[in-house]
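*Asks:* Handing you a structure now.
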Amino acid sequence: MKKLMYSCLFMLFGMFIFTSHVGAQAGETTILFKPEVSLEEKQEFLAQNQFDLLYEIPEVNLVTVNMDEAQIAELERHPFIEALNPATSIKKPEITTIQPVTFRPVQRLQTLMSPISLLWDFQWDMKAVTSDGQSYSLHTPSTGTVIGIIDSGIDTSHPDLQHSIVEGSKNLVPAGGHNGTEPEEQGKLDDIEDKLGHGTGVAGQITANGMLKGAAPGIGIKVYRVFGTKSAKTSWVIKAIIEAANDEVDVINLSIGEYMLVSGQFSNGANDSAEYNAYKRAINYAYEKGSVVVASVGNDGVQISDNQQMIDVLNSKLNNITVVEGKVLDMPGHHQNVVAVGSTGPTKELSLFSNYDQDFLNVLAPGGDFRYLYQYGQDQWTEEKWFEKELLLTTWLEGGYNYDAGTSFAAPKVSAAVALIIDKYGWKDNPEKVMGHLKNYSTYEPDLTDNYRHLNIVNLLTH
């Protein structure tokens, strides 16, 4: 018997937007050196100031060190330094179970050989992007094309996923985990086992090929784990982008992100400019290496171009500090070399939770919705299983499955489609061409979402 777990409405795991300035150690500071600063100059700077190096990403010239306020004031205008600020951290997502149900699986070998999965009738979202499964007959994915999933890891023994994991996945969580609070974290490079479930759910939307079907069943994946059981450092995510690019993955999926104050200041006088500029360098590095970067936007239902809305939503997530002034961006999706993905529900309308902006979002894909919930109320929504019609089903820990929602589960469908384009047409190391094809052959639903593009895999694979 397998359990199909239902996620709670108010703590949906897919609501995976990061919050800056969470739980940073006192004095832990991110320094972003100017691009032209050499390794020798950087080492001399650290030695002269007697800084203990906590973390380093040489490709973007970023380090983290312990630094007091006096040192920050003294060094923030140092000619070697582009930006420095208190190191930012990322809250882990939450999940609460409504109720478990059970079902009896048929032989998995039968489902592996079938274009339709046992759970296909529950996959309204996958039916939408594949035109009721038609895209599966247009191209058979191979593990020669690889999507790097930067997330919480993966259930490596999940029957629907295990055959897609290619050699070279990595753990980016250092020994001790977040601020030394996770003694179980040993810093082992090959420890990619998912302890939260989010990464396993994202992987299912991409490559599941068993009881459940992903958008590109069987496409290759590499996993870059940046979460243990607690919070994560933004620098780990940036490092993972670099690692994935160096590993020559074809697509990088980031079902994660954060609101960043990129100019101006918080009430403590700082902003997020060091990590923001490091993100930009890492994304450009990946783009130049030939990887297409795909990222989900936030889940707060705000207009991304409305800076006051962005400030308000960031303030609602901060602890002990507030935004005084400045520009807030939804990162990493805001970068021009990223495919930014928003979410739709079963009606093809924008999900109530999805951030939006026609000038910002590149494409929409199904990530679930709450319209039926608000229409029927939580009790009726649960008891009469209306959630099955607007949440989406994906892979879960211990070989199971889970209902969830969020832009986190829209982005991997787009990553899968991008990988299919590369796999079918042989367009490796050409992100500009691939992103142009995605733009040109996504489709529109003008009566529902004006000029937003919607993911249509059949259209992408027949042009």
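Yeah, the Cβs are placed from backbone N, Cα and C, and that goes for glycine too.
Whatever TrEMBL says is automated annotation, not expert-curated.
Straight out of TrEMBL:
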type     : residues : note
SIGNAL   : 1-26     : signal peptide
DOMAIN   : 143-442  : domain 'Peptidase S8/S53'
ACT_SITE : Asp151   : active site, charge relay system
ACT_SITE : His198   : active site, charge relay system
ACT_SITE : Ser408   : active site, charge relay system
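If you look at the structure here, what lies around each of the features I listed?
*Replies:* In the predicted model, the domain 'Peptidase S8/S53' (143-442) shows an average pLDDT of 96.
DSSP assigns Asp151 (active site, charge relay system) to a strand segment in the three-state reduction.
All protein chains considered, the CB of His198 (active site, charge relay system) has 28 other CB atoms within 10 Å.
Counting Cβ atoms from all protein chains shown, Ser408 (active site, charge relay system) has 33 others lying within 10 Å of its own Cβ.
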*Asks:* Who sits close to Asp151 (active site, charge relay system): which same-chain residues at least 6 apart have their Cβ under 8 Å from its Cβ?
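*Replies:* Asp151 (active site, charge relay system) has long-range Cβ partners His198, Gly199, Val202, Ala203, Val223, Tyr224, Arg225, Val226, Phe227, Asn253, Ser255, Ile256.
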